[in-house]
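Comments concern the structure below.
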Amino acid sequence: GFLTAEEKSLVNDLWSKVNVDEVGGEALGRLLVVYPWTQRFFQSFGDLSSADAIMGNSKVKAHGKKVLNSFSDGLKHIDDLKGTFAKLSELHCDKLHVDPENFKLLGNVLVCVLAHHFGNEFTPPVQAAYQKVVAGVANALAHKYH
């Protein structure tokens with residue numbers, strides 16, 4: 001696998017304390033605020049007119065929760081990310097035509113949200129491990145492009 005045993009345990013220890021529903025909504029919401037061009041994939045989600053509207057939007061929260069539950073699933077199959085995300089890759093890439101760059105952006109936003117939530121607990125080694133994970137997941141999701 002691409003993570004050492006040590007990194008896996010850092011990732012899993014922190015993840016066991018994550019409120020997946022809450023963090024998912026926050027990460028997706030921040031993606032749409034910070035990188036507004038990503039909003040074009042979410043035009044059916046209703047009011048995205050301001051940061052407050054986005055962060056309070058129930059459809060954004062619901063999809064964020066879905067996204068992070070998939071990510072959680074990926075962590076359980078960390079050595080087979082391509083297999084785990086094959087169907088989602090197909091959906092996002094072939095059917096929805098999402099630019100794979102957006103998966104990287106969301107991964108970076110997720111790292112910011114975790115840092116924000118966990119403060120000092122989100123040490124440099126923990127961040128390093130998470131950066132590897134989000135890059136691995138983004139790659140797996142972009143897989144259908146290669």
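Heads up, the Cβ atoms here are built off N, Cα and C, so glycines get one too.
Listed in Swiss-Prot for this protein:
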| type | residues | note |
| --- | --- | --- |
| BINDING | H63, H92 | heme b binding site |
| DOMAIN | 2-146 | domain 'Globin' |
| MOD_RES | S44 | phosphoserine |
| MOD_RES | K59 | N6-acetyllysine |
| MOD_RES | K82 | N6-acetyllysine |
| MOD_RES | C93 | S-nitrosocysteine |
| MOD_RES | K144 | N6-acetyllysine |
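The Cβ of K59 (N6-acetyllysine) lies under 8 Å from the Cβ of F42, S44, F45, G46, each on the same chain and at least six residues away in sequence.
Helix first, then strand, then coil: DSSP counts for the domain 'Globin' (2-146) stand at 121 helix, 0 strand, 24 coil.
Over the domain 'Globin' (2-146) the predicted model carries a mean pLDDT of 87. Non-local contacts of H63 (heme b binding site) by the CB criterion (under 8 A, 6+ apart in sequence, same chain) comprise L28, F42, F45. Summarising the environment of S44 (phosphoserine), the number of other Cβ atoms within 10 Å of its Cβ, over all protein chains shown, is 6.
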